[in-house]
């Protein structure tokens, strides 16, 4: 990346290449005559960007755009993108891709956010969005006489406000590193079915989810930094709302409605983060028509097994777990990769290229290219290949959703509590699909 920076706080972008050689090397990757960024040049670029971004403050004041991007409406998002396009003379920006509110935009995560715009354009916008989010951090005391969160109010195009009853926080001193939510720690806390169902809330009500990232590097005078954004596994607070009680019980009866916001905050940190099942972004193709302005009154209960039993429109001969039905059950909107894999794994006709190994929730991609081809067809991405598919699988590793089985090629395992969500044990599914344990076992 090259940058020409004046004495004024402006930035001219000449050329860039977005390359992730460490994780996804590709022999046919286009190369350009662009010198490598050194630590000093990166710092120069960062400072130039920050100086230029400061001009957005006047635009915020002029248009009444909230400081916290998670509180932006679709109009605010559009105004922000328009400002960036004019400020940096950006080309090739498709404004239609940014038709979402601020909460959905911030929830995308870097990889998927970058897909919204051309290479260097997306990098610039993401850098600015991160800066805006960090600037909105405010401290709240959590020790002593003020153990509860103050009542928090959130607004968006579709959603209403909710108060948080309290949050139980794990003392940071028990861990040696700032990013201490390690795989081993998460594994000690298997995710419950109630938390699986909170996917519904995370997707239907993105702007009202509370995140409390109590990182050790933010500790100052017994204060923690608390931000309002979608929960990620980086936090370590177990929140609960006034009526929904979090306990490790796998009871669906305790959930009053999929479409209420009684359980907006869950133990996403000390347990596997199932909002990760939706990818960061759980909002790819976030369309307002998929998220009704009024809360539905129906109150379905039970497992996915119960859900499909009452669906006469489902073909009983084709997969046991249709991805579309599972997406509807969890409220995820567009079909996600984990749902698609479950569909293939429960379809007898797909056993030649993907199947259960017979060992619990472990499965094998016998023909990974065919799996990738079908995923690309489902998502209308004809260039999909296994390298790209595996990128999504890798994302699930540190979220304790899916793990790669060591020493076995193309073998993975669901490590989350699928049984409580689906209502099937792995043995039941194996029997229904005539799965025989692998001879290699």
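Residue positions begin at 1 at the first shown residue.
Placed from the backbone N, Cα and C atoms, the Cβ positions cover glycine too.
From a predicted model like this one, the values you see are computed outputs, not experimental measurements.
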Looking at 323-330, 331-338, 339-346, 347-354, which stretch does Swiss-Prot describe as region 'Helix HI-2'? 323-330
Swiss-Prot annotates one residue of 73, 187, 265 as phosphothreonine; which residue is it? 265
Where Swiss-Prot places N6-acetyllysine when the choices are 15, 134, 408: 15
Counting each residue once, how many in the region 'Helix H5' (426-432) are helix, strand and coil under DSSP? 7 helix, 0 strand, 0 coil
Excluding its own, the Cβ atoms lying within 10 Å of the Cβ of residue 305 (N6-acetyllysine) add up to 14
